[in-house]
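Presented below is the structure to which this report refers.
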């Protein structure tokens, strides 16, 4: 058996994969695969609309928010957010706490003035407290990344922003892993390939008063107004990905909803962080305790800077036991265990057991 700890594209629930397998050739009795369905057909419309409806239910999305299903991933939204929102004042505030928020700020700077509200961090291992932020009350929006996948930094609070300034969150890697109040945000987006489906679809939740404020140069494919007017069917959507995502939403509903996912995430991440904390420094996680991600757990082995030989040996032993894709991001090295919604508690326990055994065999 293989246990997939990939950072994305990531593990999908086995139940969902089996359902996809059963319906692959003949989807819902239609006689054809969902991959062959016209996106304008009634068969596909049922899938598309149910996916949006189930997401609205899972997050209690208020009626004045639109749900869009777009393409281009998170990187596409780095541009789309700026193109659709920055025109209000020409400036935007960016809270840069990791690789992805840094990339988003760089992209947005092509379309307006970006204000970095934090001093440049030497290392992405913390979220400075809000009282140190330099927010501009004239900003078109405030942008942050709720969970930095590479560095394993996850916000433990929702930022407070100046009155009238919309809050924008990239939730690509922790979407549907904990409840949150949608009404605190102007825009929320998430690439599907971490927690909610295969790569290719990006979910956008946008407050309706922010639609229609785009720059003239905004391409139709990134235009929130165009996508909203066309029910996300402006062009051919990633129909198969949306179908699978819809099945994941139903799986979440069957398994305690978003609150159920949050409970599971807390239990799984505690297993790994407890193992790290009880290893007398053999395992080392550089991230401040209060913002350690429940989704992505990065750590070094042997010391704070890592022992290359030990880390290679650990990865080899993990693979021999069926645990794959544990290598850390190339920019930070070490090990990274991604514990998205589909990863089970039992699978996480197997990783914790391996870590404990490896520690006992290799500690000085």
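Each Cβ is built from the backbone N, Cα and C atoms, and glycine gets one as well.
What you see is a predicted model, and the numbers here were worked out from it, not measured in a lab.
Counting only same-chain residues at least 6 apart in sequence, those with a Cβ under 8 Å from the Cβ of residue 40 (L-glutamate binding site) are 233. Residues annotated as L-glutamate binding site in Swiss-Prot: 40.
In the three-state DSSP scheme, residue 170 (pyridoxal 5'-phosphate binding site) is classed as strand. Within 10 Å of the C-beta atom of residue 170 (pyridoxal 5'-phosphate binding site) sit 27 other C-beta atoms, taking all shown protein chains into account. As annotated by Swiss-Prot, pyridoxal 5'-phosphate binding site applies to 74, 75, 100, 149, 170, 193, 235, 236, with the evidence given as similarity to another entry.
The N6-(pyridoxal phosphate)lysine annotation in Swiss-Prot covers 194, and the record cites similarity to another entry as its basis. Residue density at residue 194 (N6-(pyridoxal phosphate)lysine): 30 other Cβ atoms are found within 10 A of its Cβ, drawing on all protein chains shown. Residue 194 (N6-(pyridoxal phosphate)lysine) falls outside any helix or strand according to DSSP and counts as coil.
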Give the maximum pairwise CA distance in Å, whole number, for the residues 74, 75, 100, 149, 170, 193, 235, 236 listed as binding pyridoxal 5'-phosphate.
30
So what sits near residue 236 (pyridoxal 5'-phosphate binding site) in its own chain, CB-to-CB under 8 Å and at least six residues off in sequence?
39
